[in-house]
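For reference, the structure is listed below as structure tokens.
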Amino acid sequence: MEHVLDGAGGSGREGFVVALTPRPSLMSMHDHDTDKDGMHVETTEASPSKCRQWCSNPSVLILMGCVLGIVLGCLLGKYGASKELLTWVSLPGELFLRALTCVVVPLVFVNIFLSVVDMLQAGHAAKSGLYTLGYFGLTTVLSVLMSIVSVTVFKKWFSHTTLSQANVVGSAGMLLVPCGNSTDAASVRWFPNGTLVCAAASDASSPLVLPSQSPTAPPTLSKTIQDQIFRALVPDNIVQQFVTGNYLGTLFLCHCIMAFAILLAVSMDKVTPRPVGIVQLCGELNAMLLVCIRFIIDLTPLAVLSLVAGGLGTTTDFMAAVADVGIFLVSFLVAVMLHYWVTLMGFLYLALRTSPLQAMKACWPAQVFAFCSASSAATLPVTLQCGEQAHVPSSVGSFILTMGATLNMNGTSIYFPCAVVYLAVSTGDEAKFTVVSYILLALLSTMSAAAAAPVPSAALVLVLPMFNAVCGTTNAPTPANFSYLLAMDFLLDRFRTWLNVSGDLVVAQCVAAMEKQAMPPRRVSSSTDPEEGDSSLSSP
């Protein structure tokens, strides 16, 4: 199987669908020849090995990389590999993550912009759009809350790493002693070898630390909310957000673009010619970024092998790491199943007043295809067919299901809190998690679910920026346990996609039912004569 990108340009993302298309099969190919007597002779060409075709499947390659990484990591840990060797083993995976992080900011930016423009240019009634956005927002928020509750219950079983003495300097105050010219912004700095120098902040490793018996008072809750949410949401330098990778500020800029997109789409109907240049530009940027993502994702098996081997090479207790991953998987699946059976089925019952299982019976082909393909975009044709089988009008289904494939991602919104809390607890950053951190995590998960690009493993790309934003870390090394998330993503991505598609189908049926109830009753005439239509209504 191979990833194929269809489309080239346009004002939206309709053409930029990442689909899985099978390679031309060489099995049972026959060459027809004619012998000397003119008789027809059929010769069969040797077919390639089925094992080779099976191993060309991306999911199988990722699984093989995971297994090889586990074996190599266990060997490195058993024989006490040096830190330098482990660094070289982890280097390909680190470069893979750096490449993904490089494209995530512009990808989030253009995807949110194009999603809103596509929705507003669809030309549907305002009431249908409000119903759809209301269901999308409500199901996403409930999925985030379900995920936070689930991972909070299970996080006490995650293993904790012991903080080194270098990280525990709780009773130390920072003292920067100015030196040099007053315009140099330099201060006395301390190097690990014990040398004191006069250098700028970017030229030294750490400031001079003086122990203090009276530590600085921790910031108040009000101050924390102001700094970590509102000031981080509203940046004072747009370019700096893209340069530094401030994920929270970038999301705010993207949602400001959403407001601009609304004004742009409304004005397009009143201005001639339509100002679609910026939309076309974002469409071309989106196509280029998707091509970059495709090439990067093709290297996932090698990255999985590198990161898993490097992570396990530094692990002394392999069984504890396996148990950690298992508990994370359980917390994620519990949240997924609770959201599907409680939230989605509850909404469906309230809207249809009938058995939700019977209503979803026609949708199982799309659910199965979504789980197998791990791509909401590739599943879209099957999803549209299932929507028609579920008695959703084509006008409603095409609008909701198409937009839901990129905007309504309940599985993705469940994954973010589970992954971030897992990384925070396993790396010893749990102490940084406060009530404000959970509020920030819920806010980021809700916004990022709509910002996730329609490409495989798109949610995985956003985990590290979100982890750094919630924990307040910048330029921090990649957590070692992130390699486990990468290794499991071939399985987690299938559950995310299954829930994403299921949520789209549920919302489509709910909106169709609400529009049907809001529709005025039709006057049915028993006569075909148009002149007698009003006087010949059938009696009750």
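Positions of Cβ are set from backbone N, Cα and C atoms, glycine also.
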Of 129-154, 493-518, the range TrEMBL labels transmembrane segment: 129-154
Which listed span TrEMBL calls transmembrane segment, if the choices are 280-300, 364-384: 364-384
Candidate ranges 60-80, 129-154, 364-384, 437-467 - greatest C-beta contact count to the transmembrane segment (396-425) (under 8 angstroms): 437-467
Leading stretch by Cβ pairs under 8 Å, where the reference is the transmembrane segment (129-154) and the options are 60-80, 325-352, 437-467: 325-352
